[in-house]
Ligand SMILES: O=P(O)(O)OC[C@H]1O[C@H](OP(=O)(O)OP(=O)(O)O)[C@H](O)[C@@H]1O
Ligand SMILES: O=c1[nH]c(=O)c2nc[nH]c2[nH]1
Ligand SMILES: [Mg+2]
């Protein structure tokens, strides 16, 4: 890992893996759906968009909106700000609505989002311990000192063999 990072470990997720894990999330969400099913999905941009699309596809939810919260500049966190809200005429207080994000870390992003839609069900693919209480359903927990690398932030590249010549 790059030594400017405060995180001890890296958890590198491929497209295949995020697809699999987002499907596992959809499966869990189906199990806790209200009668008649979830009525809408709100993706937290940008990281929540890919998992939200997969969840919406698996659960056949056609109403999909976004909320944009900016809190990180690379790996430095500042106070989260809502830059774009969903259509509140449709979302209301969040009853029957799924909020989807790729991960929860400190939980600060979700705190802001939940305040806008207090009755929504919050789902993330990955969760770190500090933010776990902000999430209703998630798939995989990683330790707080792990940085999760998503496929949209990575590229295939050459690596040196373990044993040099
Ligand atoms: O629980 P927290 O400590 O608030 O952090 C979690 C949030 O941070 C990342 O988004 P980011 O703000 O980096 O924006 P992005 O999704 O556009 O990459 C991630 O996708 C979550 O939304
Ligand atoms: O790509 C990311 N990986 C992480 O582990 C993380 N935590 C907050 N924001 C994050 N973004
Ligand atoms: Mg995000």
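Quick reminder: no glycine exception, Cβ is built from N, Cα and C everywhere.
Fair warning: this is a prediction, and the values are worked out from it, not measured in the lab.
What TrEMBL annotates here:
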BINDING   46, 47, 101, 102, 103, 104, 105, 106, 107, 108, 109  5-phospho-alpha-D-ribose 1-diphosphate binding site
BINDING   102  Mg(2+) binding site
BINDING   105, 148  xanthine binding site
BINDING   105, 106, 107, 108, 109, 147, 148  GMP binding site
BINDING   105, 148  guanine binding site
DOMAIN    14-158  domain 'Phosphoribosyltransferase'
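The Cβ of residue 106 (GMP binding site) has 15 other Cβ atoms within 10 Å, all protein chains considered. With respect to Cβ neighbours within 10 Å, the binding-site residues 103, 148 differ, and 148 shows the lowest count. Secondary structure at residue 106 (GMP binding site), as computed by DSSP, is coil.
Among the binding-site residues listed (102, 105, 109, 147), 102, 105, 109 have a CB atom closer than 6 Å to some atom of ligand 1, in sequence order.
When the neighbouring Cβ atoms lying within 10 Å are counted for each of the binding-site residues (101, 102, 105), the highest count belongs to 101. The 6 Å Cβ screen around ligand 2 retains 105 from the binding-site residues 46, 105, 107, 108, ordered by sequence position.
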